[in-house]
Each structure stands twice: as C-alpha cells, then as structure tokens.
C-alpha cells in the first residue's frame, strides 16, 4: 500500500534509508522473517549488501536470528537472483566475521550447510585470525553435523585448513581441547591436524590439555589414542616459552592422573623449566601430598634405568626436599629421604631442609623423622649449618613456642648453644627476644648443661647487648628474673653505654612493674643495680624516663634512690630529638600527642618537685619552649573563642565524658583553677589516649586540644610568670595587683613575660660589668 500510494503521488520512497544505527528496512524485514517485504524491497531497488554501524549486512542479520531458518535464507537468495541482486556471502562485519562465522557461533547447522553449498569460504579469517573451523571447535555441533560440513567442502574442492592458526597462534585443535570438545578432536586428527603445533606462548595442544582445570585423564588418553591411530606422534616433552613441558603443567595444576599417564607415555623425568623446576620439584611442591605419584615416579625411573636427579636444584637453589618440607608433604618428605635425598644441601639463602623444618608453625615429628632416617642411612645431619643471616636451625626453632620439642631435639642431638648469627645473637639472645615465659630459656640452659655445653649468659651481640638487654626490651619479666638467677650481670652496658636499667627507662612503654621486678630480682642475687649509671652521652635512666614522660618509671627510679641532687632536667633539644618534629605526625596523631605531652610534662614536674627537686627559671623556660615547639599554645582571639558554642560541637562534646561527672563540654568552660580541682593529670592523659577528640567536628579538634593544653598547664606557667612580672616592675606593685594584671593573659603571654625577665636580668648583669670595668 505504501509504495502504491507513493507511486500515485509521484513520491519516491527511499528504500535504503538508515536509522540511527545504520540499519535499513531490509535489515528489519530479514530480522523479522518477513520474506514478502524482502521481495518488495528488493523489487524496489533495495541494496542487498548494505552494512549497519556494526558492519552487519542483511545476511549477517539472518544468521544471527534465534531460529536456524534455512528456508528464509534460500528465499532471500532466490529473490536476490530474481532481481539481479547479488548477495555477498563472505562480507565481513567490523570484527571480520562473515555470515558463516555467525551461523556457526549460533549453532545453526542448516544455515552453515546452506552457506557452504552457496560457496562461503570456510577459511575466511576474522580480525582475531579465526577461521570457521576455529568457531566450529568452540560450538556445540554434533560430530555428524561436523562431518557433513567437511564432506560439503570436499565436494566443492574447498578444503578446510585444519591447522590454520589465529593471531595467538592457536589452531582449531587448541580450541577444541580448550573447550573439551572430544568429537572435534578426533575429527581434526582424522583430517590430518598436526598435534605438535605451538601457539604464541609455545603451548601445543598437549600443553593446553594439561593446563585445563580438570584432571581429565580420559581426554588425554583419547588424544594419544587418536594420535597413534592416525600416525601423528605427539611430542610428550615439547616445551613452551617458559620451557615447561606438559608434565610440568599437569603437576602445577595438581593433575595426578594426567601426570602419571604422561610419565607412562615416556615423559622425561629430569627436564627443567626456565625456573629450574623439574618434575620432582613440582611433585614435592604440589597441592597435595602426592606420595603415590612419587612412588610411580621412582618405579618408572627404575624400570627405564633413567636415574632421577633427586637433589636437583632449581634457580633458587632449592631441592625437592626443601619443597616437601615447606609445603608440608610429610609422606613425600619420607620417600625422598629414603631415596637418599641429601638433607644438608642449602638453597641460595643458605637454608637446609632442617632450617626449613625449624621455620614452620608446628612440629609434627618432621625433625625426628629426618634424624631417624639419616641415622638409618648413616648420613650425618649438619645440625649447625648456617642459613640466612647466619641463623642455625636452633636459632629458628627457639623463635616459636610450638617448636619447643624441635629445639629440645636439636639440643639433645648436639646443637651448638653459643653460635652467633650475623648480628652476634646467640640462641639465648634469640629465645630471650621471642619467649614470653622462662620455659624455653630454662630448657635451653638445662639441656646445655646436661650436654656439657654451658650457655654464655652474658654473651654480647654486635651492638654489645646481652640476653638480659633483650629480655628487658621485650618486657619478658619472668625471663629477666631467671637470667639474673643464672648470674647475668645487671650492670653490663652495650656499645652506647646503655645498661639494662637504661633499656627499661628508654625503650619500653611506662612499665613500672617490670622495673620493680628487675630491681628486686637484682637485690635478691646480691647485685643491686646502679640507679644513676650514665650512658655514653652522660644520661641517666631517670633522665631517659623523664624525657619519655614515663611517669610511673620516674616514681620507681626515685623510690629506688635516684639522686635528685645531681639530676639535670633534660633540655628542650633532648625532648625534640626523642619525639621528632610535629610536621611529620599525621593530624590525628598530633591531637593525641599535644594533649598527652602537655599533661604528662606538667605531671612529671610536679612529681620531681614533690620529691624535692628545685626547678630554675631556665629549666622552666625549656619546658615552656616545648609548648611553642609543638604548637600547644592557645592562640585564639576573643572573637574566635565562640567555637565551643557551635551547635554540633556542643552536642558532640556533651557525649564525651572526661570523668563520670564531667563532660568535655563542661570542662572547656571551667577556669583552669576550677578544672584542677575536678580533674587529675591522668584524666587528660586518658582523654588523649582514648582518641575521643576525633569524634568532634574536624575543624574544632585542634582548637579543643590546645585549649585543654592551656587548662592543664596553667598551674605551671602562672607562678613563674608572676615572679617574673613582679621582678620586671622592680617589685613596685603589690603581688595582688600583679596577679590581677596577668590573670587574663594566655600561657604564651606568660611565657613571653618569663623570657623578658631573663633578658632584663642578662642586660642588668652586662651593665654591671661595664660599670665595674
């Protein structure tokens, strides 16, 4: 009707008009199977081969339909012939696929047959280099259909290239094996497919088969049977680009049945891949404890009179025995030992099998088996072999509690008890570093004494540290006590002059209990510690404890008699050296650090003063300068101080309790003298440690932190500034007036008053010297 009306009106219909995807009316008619409309369109001059934006011609569209409509195809060609419209049977879409490619992809057997009889090229390549045969091997066509397709090509003297390789070098046989297409494999082999062609990775079809996820030994057997049947021998030891043979790949995948089949088909027992791995390495490093496969491996070796290189090393210097241990394959480990595997060979890192046993997380009798079988074989195990970092097996065994039985066995077998690693650490150093009780230390000492190999309890490492230093550094109190009972010297210093007492005061957290234990235990063995011993920089344990702000350790040191009369308060530079620049801290760490520093340093001052230490203005200025160094001063102006009235801040701060009866919101509104009555310094330290300030709006966190620093330190700044101010105005005003003048000043202003006083005093001294001269 459309065409009739347009003819009457002399309107031309654009039969090849395209939509926004480049499709014409003919594409749509074919897609919908409307053969009458196809007839009309072609009669009206429609182009039979126009392609849409994807390169699809009407014939491509026909082959993409869900149904295998060969009648539609036949009528399309008949109508085309009727109107002298040739149809390009091998036209390619944007991916280089022809209609034949599409028909195969959609399993349209009838259309495939029709296209081939119409002269479609079975060897046409798409952009991936795939022929139709590659596509057939991916499809689900039955073997009768495939045979028919080959016969059609034979009839038309247009043979399919069975060994055509795509851009990745894969042949149809590669594809058929990848997809487990058993029927296609036999058909291809019957048609003369070469079973040894390699793709771009060097994979032959046999490599591909062995790389599959399934241990499909039946498919493997079928491939070999087909190869034998059609006189196309398979190279069982072909190598890919990594020098891997199919046997290597089967073992890597854990395909035990396929591996055994390949071995029985003559696979070489000793070939190495690019990593130096041989079949024996891969069996030992397999996913499971393949003892049965290993027995077969050895049986075939004996049958072939082909000796297995049982101690072969890969590129890391590892033998199969190393891998059996590291992969926890105990049965394989035993078989290797009984076949005379050498347990003393070391890998590139110096580790023997015994080192490896001593580095695992459990015992399970590995070391015992190693020694028993080695004794049966009259083979001496090198019990003190040096591995990475000069560790002996004993060093490794003493690291983990679970390996205590292994360590005991090594000691009973004569392991040296005083050999040092590259850092000078003996086994006693090692166990003191890692033990959390004295059990392993006691075992080491007791057995060593029984074996007449006494342990050097004060042995020093390359830094001059004794086992006692390390036990203290790790906080192992029971070990410390035991070492002292053994005669460890509590006064020995390392190369920096650090005594064990320095270690407790400088390296740990604020562990007063450990310090008390150390001091008490030293007295029990009649070797009391030297409380005021100095390191090479002249620093005492008390100075270190003060610098670290270890409040509890400070108390214990003073209780133990630390001399305050000779004590020098640490300088600002020492504190900065200890804590580092604030610029290197991340924001959350800065908030916690500021409040912690302010509260603790004021607390340590009070503790020292309570014990009788008298601070001078110079000491106090050093402390005040720390507040400047670490931005602890509240610099906000009166106009800015309404931040704590922000609605969100108020809500959040009311939820944060500083003690059971005081919220953060209440605290920041108190005057410092009132806050000091309700809170102790410990409350501020706990608030800093709790990280609760991070719950506040981010823009107010720092302001809140420095405001709290202002409150907690006010009692420290005030008296020094008052005295300084009183002195600066030459004692003319009453103290009460001075208090009123500085009452509303911030701590930074008080610090500046102290600085001014020092400068004025210095100038006065200089003027006096000038007058005297």
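Cβ coordinates are placed from backbone N, Cα and C, and glycine is handled just like the others.
Each residue of the repeat 'ANK' (21-53) gets a DSSP state, and the totals for helix, strand and coil are 16 helix, 0 strand, 17 coil. Residues or ranges marked as repeat 'ANK' in TrEMBL: 21-53 (among others).
The repeat 'ANK' feature in TrEMBL is assigned to 95-127 (among others). For the repeat 'ANK' (95-127), the predicted model reports an average pLDDT of 89.
The repeat 'ANK' feature in TrEMBL is assigned to 168-200 (among others).
For the repeat 'ANK' (242-274), the residues of the chain that approach it from at least six positions outside its boundaries are 202, 204, 206-207, 209-217, 220-221, 224, 236, 280, 282-283, 286-288, 290, 292-293, 296-297, 300-301, 304, 306, 308-309, 312, 314, judged by C-beta separation under 8 angstroms. The repeat 'ANK' feature in TrEMBL is assigned to 242-274 (among others).
Remote same-chain residues near the repeat 'ANK' (316-348) are listed as 276, 278, 280-281, 283-286, 288-291, 294-295, 298, 308, 310, 354-357, 360, 364, 366, 369-370, 373-374, 377, 379-382, 385, 387 (criterion: CB distance under 8 Å, separation of at least six residues from the stretch ends). Taken from TrEMBL, the feature repeat 'ANK' applies to 316-348 (among others).
TrEMBL lists 389-422 (among others) with the feature repeat 'ANK'.
Within its own chain, the repeat 'ANK' (463-495) is flanked in space by residues 423-424, 426, 428-429, 432-438, 441-442, 445, 457, 501-504, 507-508, 511, 513-514, 517-518, 521-522, 524-525, 527, 529-530, 533, 535, which lie at least six positions past its ends and keep a Cβ under 8 Å from the stretch. Residues or ranges marked as repeat 'ANK' by TrEMBL: 463-495 (among others).
Here the repeat 'ANK' (537-565) is broken down by DSSP into helix, strand and coil counts: 16 helix, 0 strand, 13 coil. Summarising the annotation, TrEMBL assigns repeat 'ANK' to 537-565 (among others).
Mapped onto DSSP helix, strand and coil, the repeat 'ANK' (168-200) counts 16 helix, 0 strand, 17 coil. When the repeat 'ANK' (463-495) is classified with DSSP, helix, strand and coil residues number 16 helix, 0 strand, 17 coil. Remote same-chain partners of the repeat 'ANK' (168-200), defined as residues 6 or more beyond its termini with a Cβ less than 8 Å from a stretch Cβ, comprise 128-129, 131, 133-134, 136-138, 142-143, 146-147, 150, 160, 162, 206-209, 212, 216, 219, 222-223, 226-227, 229-230, 232, 234-235, 238, 240. In the repeat 'ANK' (389-422), helix, strand and coil residues by DSSP number 19 helix, 0 strand, 15 coil.
Residues 497, 499, 501-502, 504-506, 509-512, 515-516, 519, 529, 531, 574-575, 578, 596-597, 600-601, 603-604, 607-608, 611-613 of the same chain sit 6 or more residues outside the repeat 'ANK' (537-565) yet have a Cβ under 8 Å from a Cβ within it. Beyond the repeat 'ANK' (95-127), the same-chain residues lying 6 or more positions past its ends with a Cβ under 8 Å from any Cβ of the stretch are 55, 57, 59-60, 62-66, 68-70, 73-74, 77, 89, 133, 135-136, 138-141, 145, 148-149, 152-153, 156, 158, 160-161, 164, 166.
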